[in-house]
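Note sheet for the following structure.
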Amino acid sequence: MEAQPHDSVSYDLINERRSYWRWRKQDFFPESSFQSFSSYKSALAATCQRLADRILSRSSDAYEIDACRRESENPMRRCLTWWDLLWLSFGGVVGSGVFVITGQEARIGAGPAVVLSYAISGVSAMLSVLCYAEFGVEIPVAGGSFSYLRVELGDFIAFIAAGNILLEAMVGAAGLGRSWSSYLASLVKNDSDYFRIRINSFAKGFDLLDPVAVAVLLVANGIAISGTKRTSWLNLITSIVTVCIIVFIIVVGFTHSKSSNLVPFFPYGAKGVVQSAAVVYWSYTGFDMVANMAEETEKPSRDIPIGLVGSMSMITVVYCLMALALTVMVKYTEIDANAAYSVAFAQIGMKWAKYLVGICALKGMTTSLLVGSLGQARYTTQIARSHMIPPWFALVHPKTGTPINATLLVTILSAIISFFTSLDVLSSVFSFATLFIFMLVAVALLVRRYYVKDVTPEAGLLKFRGCLFLIIASSIGVSAFWNAGTRGWIAYAVSGAIWFIGTLGLALLPKYRVPKVWGVPLVPWLPSFSIAMNIFLIGSLGYVAFLRFIICTMVMLLYYLFVGLHATYDVAHQPLEEAKFEGES
């Protein structure tokens, strides 16, 4: 069943009757299933029927672009150009991972070969960038991947993605807060845990309380709330400073290089390189925030492809050069895992440069927090617009033009996580959620090109599903063989051949939708390769990351079965305005 757009309603009429700051039950749960205990009991009794309806339900471009926006009552302001998006992408990505994860993975994951880990992740990220760019042009809304998946893969899959999007947002912000605290501590005193409070009775990984991380998260999100354009200008200024310091790091790193530091180049083997590639993928996250800003972009069809593809091309080169500069400057066994670059300069006798690099790292991470705050809040806003979480979080403030409630939700939860949780725990959870969502977006793009309801014939749909199954199954097979330590080429050759046959089969099928303005080239080959790479990197994260992901997903499913399912079912089967005005009577 397709979700239908609601009838037109005047924003002015709603605003006359409601203020932004309100706390009634009707503002959080306006759906009919939650009006009384008896109605909720009836909804629970119909869970199976409603779940079948939601699994088969898909949204539409028009619904996401038009009807969903009315939930916010006030529009977001179109104030960003391609120049803003380019620097927002640069600011959101650079500084978050290269100053945080590079040292950790060079020390314990890949050694000097961490540069190859960055190259592998960069290729995978670029494939995802192309998919995001096409969707951002076609569906220019604040929801980013959540909206894309809701349109192409359905309501239920979109919820699983939504839960992981929120998990990614909270964990990513918390990780940056912890890293910010580590770098500040390394500047004040050569101890990355200097500002943390140790509680020996707590479990390892959760026993260092970090009040500084909480403080920086509150400040960054406070700035993001004040206005999108203002945050963009601040990001531009700090990003230019970051570029200058990055050039300095690369030049000095190679000037003080020792070829002996690169020996052995593969101390942890090829498997270590791949496992590190899955973790350093964190360094590339943030580009999807550009797609989230589509609703506030002046010309999405022009600005989004330039902002995404242009910035990611530059970032991949920068990351590889920075990783190589670090490992040629300092032996991988001597790299500080928490504050790699600032300590590295101290180790080669440039103590003044240590402080310069430390300040740059703080600037980069602060910028990433600012851009992350913008994107995360807009993810949350679109999820709330669908009623998967209370629509109170979808409200946009009439004066700032920003979703203050959604920003506060992400801020508070990420602050709590950052207060307790160490960086190594956060990074594995974050990477899994990110790779999983990027894989789904690539699948959604193939669905968008090859399946249009009431247009694609039944036989064509069956062929498409068969080819897609071969692509996914063969990708899982390669990842499983690799992580099981399978030797020989036969298993890999067979899996690769199956992937090729599945992709070739898609290439021979007719496409039933073409992009209106800009699209991914070489479809289905590039999206299919993106699926394979993301699955391969997911498989390299290890057992603990899988376990954490499964536990988090089970918790999300419980919430969906008891709350989200019934709220979205009511929205799909009852005009939303009727529920709103019933609450006013």
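Using N, Cα and C of the backbone, Cβ positions are placed for all residues, glycine too.
As recorded in TrEMBL:
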type     : residues : note
DOMAIN   : 518-567  : domain 'Cationic amino acid transporter C-terminal'
TRANSMEM : 85-103   : transmembrane segment
TRANSMEM : 115-136  : transmembrane segment
TRANSMEM : 156-176  : transmembrane segment
TRANSMEM : 233-253  : transmembrane segment
TRANSMEM : 265-284  : transmembrane segment
TRANSMEM : 304-326  : transmembrane segment
TRANSMEM : 404-423  : transmembrane segment
TRANSMEM : 429-447  : transmembrane segment
TRANSMEM : 467-484  : transmembrane segment
TRANSMEM : 490-510  : transmembrane segment
TRANSMEM : 517-537  : transmembrane segment
TRANSMEM : 543-562  : transmembrane segment
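Here the transmembrane segment (115-136) lies next to the transmembrane segment (429-447) in space: the count of CB pairs under 8 Å, restricted to residues six or more apart, reaches at least 3. Long-range contacts of the transmembrane segment (467-484) within the same chain, counting only residues at least 6 positions beyond its ends with a Cβ under 8 Å from a Cβ of the stretch, are 271, 274, 443, 446, 491-492, 495-496, 498-499, 501-503, 505-506, 509, 528, 531-532, 535-536, 538-540. For the transmembrane segment (429-447), the neighbouring stretch richest in Cβ pairs under 8 Å, chosen from 156-176, 265-284, 304-326, 404-423, 490-510, is 156-176. Secondary structure by DSSP for the domain 'Cationic amino acid transporter C-terminal' (518-567): 40 helix, 0 strand, 10 coil. Against the transmembrane segment (156-176), stretch 543-562 has more CB pairs under 8 A than any other of 265-284, 304-326, 490-510, 517-537, 543-562.
Remote same-chain residues near the transmembrane segment (490-510) are listed as 446, 450, 460, 463-464, 466-471, 473-475, 477-478, 481-482, 524-525, 528, 532 (criterion: CB distance under 8 Å, separation of at least six residues from the stretch ends). Put simply, of 265-284, 304-326, 543-562, the stretch with the most CB pairs closer than 8 A to the transmembrane segment (517-537) is 265-284. A Cβ distance under 8 Å defines the sequence-distant neighbours of the transmembrane segment (265-284), meaning residues of its chain 6+ beyond its ends; these are 93, 96-98, 100-102, 104-105, 109-114, 116-118, 120-122, 124-125, 172, 175, 312, 315-316, 319, 332, 427-428, 430-431, 434-435, 482-483, 485, 536-538, 540-542.
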